[in-house]
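If you look up TrEMBL, you'll see B:4-120 marked as domain 'Response regulatory'. If you look up TrEMBL, you'll see B:Asp53 marked as 4-aspartylphosphate.
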Amino acid sequence: MPQSRLTGSRIRERRLALGQRQADLARAVGVSPAYLNLIEHNRRRIGGKLLVDLARELDAEPAQLSEGAGEALVAALGDAAARIEGGAPELDRVEEFAGRFAGWAGLVAAQARRIEDLERVVETLSDRLTHDPHLAASLHEVLSTVTAIRSTAAILAETEDIDPDWQARFLRNMREEAQRLSSSAEGLVTYLEAGAEARAMQVSSVDDVAAFVEAAGYHFEELEKPAVGEGDIAVMLDRAKTLRDRGARDLAHRMLVRYVSDARMMPLRALRTSLANTGGDPARVADGFGVGIDAVLRRMASLPAEEGTPARGLVVCDGSGTVTLRKPLEGFPLPRFGAACPLWPLYQALARPGQPIAQVVEMPGADPKRFLCRAVSIPRPAASFDAPPIHEATMLIEPVEGTDGAALGVGASCRICPRDSCTARREPSILGGRV
Amino acid sequence: MARQVLLIEDEPNIIEAISFILSRDGWSVATHANGETALDAVERHAPDALVLDVMLPGRSGYEILQDLRANPDTADLPVLMLTARGQKKDRETADRLGATRFMTKPFSNAEVLSVLREITDD
């Protein structure tokens with residue numbers, strides 16, 4: 001369907017829809033059929049009285065013929081029609097519908113969009129059921145337990161001549177399974193509640209900013225130029241569709257202002273040279289540029305992925321441990337909400353302000369992966385007497401090849417961590433790790 | 001002589017419950033809980049029917065079924081697959097690999113008995 005229609009085309013479309021002959025319509029409005037033909041093929045401009053007459057004869061509003069319905073609305077209705085299997089409604093009259101009943105047409109388009117959104121949610125949840133190993137394992141356990149209970153209960157209820165020893169044995173089995181079911185169900189509910197919380201968070205400002213950062217891979221090419229200013233940041237924020245409210249834009253603005261400041265102090269080329277000369281040591285790079293190590297860690301994470309540059313993840317948290325900036329890295333899951341693994345060097349750094357920490361860590365799994373984490377916490381001086389300093393910790397994450405040598409066993413967060421004997425565990429895992 | 005069914009399942013209390021009802025129904029029941037050595041167990045017991053769980057330690061029920069169907073001695077062995085996953089694609093996988101019947105957990109005892117009789121032409 002064309003996206004832009006001209007007045008003549010609309011007149012022709014409307015006439016054909018009404019089953020009216022060109023000659024009859026021409027006569028009714030007092031022009032020759034040849035002239036109407038030229039109009040209908042957009043070869044003659046039309047307006048004024050003739051347009052009003054044609055609209056009257058075609059039972060339409062003049063504006064409907066001259067302006068058409070909103071293109072976006074017509075396109076949305078077209079999309080809605082395309083989603084109906086087994087025959088779309090009168091597609092040839094979509095513009096007429098949108099023009100004459102704009103409110104209802106808007107409702108149809110909005111409902112179609114809503115259906116599409118809901119289908120995506122269903123798809124996501126379905127994917128989760130299919131691909132989320134934690135959820136699949138928990139559900140499998142629940143169903144296996146229920147099966148054992150159902151089968152055993154049926155035996156006890158339906159077998160009249162059951163031997164007392166068997167009876168006692170089955171009762172014991174049922175008690176065991178009931179306890180197991182209770183813990184599995186509890187774990188599952190906790191996990192699903194966490195999921196619901198995560199979905200709710202998706203509409204929060206913090207999550208909008210996280211999506212914005214994730215989409216850019218924490219690299220903003222437009223802000224790398226030497227003369228970047230507030231105007232460039234404003235343009236970028238205006239264009240960002242993921243930042244849906246003022247709160248999200250304010251948070252993103254603060255993040256980008258710091259990005260620009262880091263980029264000014266350590267331009268890309270100079271940073272790459274310095275990294276090459278120092279063997280990638282953030283402390284020496286910081287010394288060379290006369291900046292804080294936290295700024296170097298952020299800047300290293302912002303380097304675009306290219307040959308020779310390892311993929312890098314970044315996590316920044318405030319003094320409460322809440323993650324305020326994250327750039328995900330494959331194999332190193334960063335919780336979208338709540339607290340992460342307390343063993344992360346990020347939190348060790350928070351406890352030892354000013355002291356940079358480098359630590360190789362290992363994430364659990366069938367194929368455990370190792371990462372070099374470098375973290376530092378730099379307190380911001382108090383703004384006034386008696387005001388507390390503001391702490392913020394920054395951690396750069398880089399993958400490490402192989403599994404030789406010592407590594408600290410960490411996880412993503414306790415709830416989905418399988419490590420059984422972890423002294424830092426604060427809550428049980430749905431995968432069996434106990435407190 | 002009682003016909004023999006081999007139950008390959010790793011949940012002890014399900015094994016106990018199913019063994020009990022099958023025995024009372026006149027079946028001679030053998031059990032095995034490990035996927036990795038399941039084919040040896042089938043060869044050793046030479047059962048008249050197999051009840052096979054999908055999620056087993058060591059090897060999945062699907063892999064075991066695939067090998068059974070590739071072996072002329074067990075290609076026609078009646079196999080009832082049990083699984084906690086009842087999604088369409090799981091059922092399709094079981095069908096494709098040659099399961100005689102497919103049953104999702106939780107099932108009823110009567111259902112297991114009836115299907116087992118059916119697939120062994122009882």
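Backbone N, Cα and C atoms are what each Cβ position is placed from, and that goes for glycine too.
Heads up, TrEMBL stuff is auto-annotated, nobody curated it.
What you are looking at is a predicted structure, and each value in this text was computed from that prediction instead of being measured.
Residues belonging to the domain 'Response regulatory' (B:4-120) score a mean pLDDT of 92 in the model.
Secondary structure at B:Asp53 (4-aspartylphosphate), as computed by DSSP, is strand. Helix, strand and coil counts from DSSP across the domain 'Response regulatory' (B:4-120) read 52 helix, 24 strand, 41 coil.
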